[in-house]
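Pulled from Swiss-Prot, these are the features on record:
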type	residues	note
DOMAIN	115-237	domain 'MPN'
BINDING	H186, H188, D199	Zn(2+) binding site
MOTIF	186-199	motif 'JAMM motif'
Amino acid sequence: MALKTLPIEARPRERLLARGPSSLSDTELLAILLRTGIVGKGVMQMAQELLSPALPDPATGALRGGFGGIGGLLQADADALKRIKGLGPAKRTSLVAVLELARRMLAQTLPKRDLFHSPRAVRDYLQLHLGGKPHEVFSVLFLDSQNGLIAMEEMFRGTLSQASVYPREVVVRALHHHAAAVVLVHNHPSGQVQPSRADETLTRSLTDALRLVDVRVLDHIIVAPGSSLSMAEEGLI
């Protein structure tokens, strides 16, 4: 449905001005940012497509469709956005700029707080950094004794296994940062957040290695477009 066919008071922009942004859905807020659709695809339809689940192509394995929600969309880069018909350079640039602003905001605020007094902030931060990546990435959050963020480092990219992530490298980086604890994190581009046996085996291996240098593994978080899972909350750590 084209926005111009709606009564003026029902249009997203007018409703935002009258009632505030919290009264709008994710789709409506995104439609305001996109501004216009294309022939045969209204702006609301385009916004819905962007937020739809990402699905792997059966033939190539490449992701198609949307980005699985706001978290996945904000992680997408300009090239990934090209798979949505109707997103020209101007719209892609606007979306990527929003992503960068969100990243900078989180980078400024997250190190100033105790991460585990605000688990929502941790998940939002990880969703922005990993949620929409098309390939699997394993990273580590290095924390101080107050659970404040010292650094986040990517340790490996590709299919995750115990053989691909070397505990010694993680231990070396933890000692370099004088970390008291770490949070392990990796993404599942498929959209499924349930941990695999390889995830559980790797977590145990890293926990054992880091324990030898008095560094605690607080959690292993799995991130997918629009969702995440804490292995600690699931009783797997």
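Note: Cβ is positioned from N, Cα and C throughout, glycine not excepted.
Structure coloured by features recorded in Swiss-Prot.
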{"residue": "H186", "record": "Zn(2+) binding site", "Cβ neighbours (10 Å)": "25"}
{"residue": "H188", "record": "Zn(2+) binding site", "Cβ neighbours (10 Å)": "22"}
{"residue": "D199", "record": "Zn(2+) binding site", "Cβ neighbours (10 Å)": "22"}
* Of the residues in the domain 'MPN' (115-237), how many are helix, strand and coil by DSSP? -> 40 helix, 36 strand, 47 coil
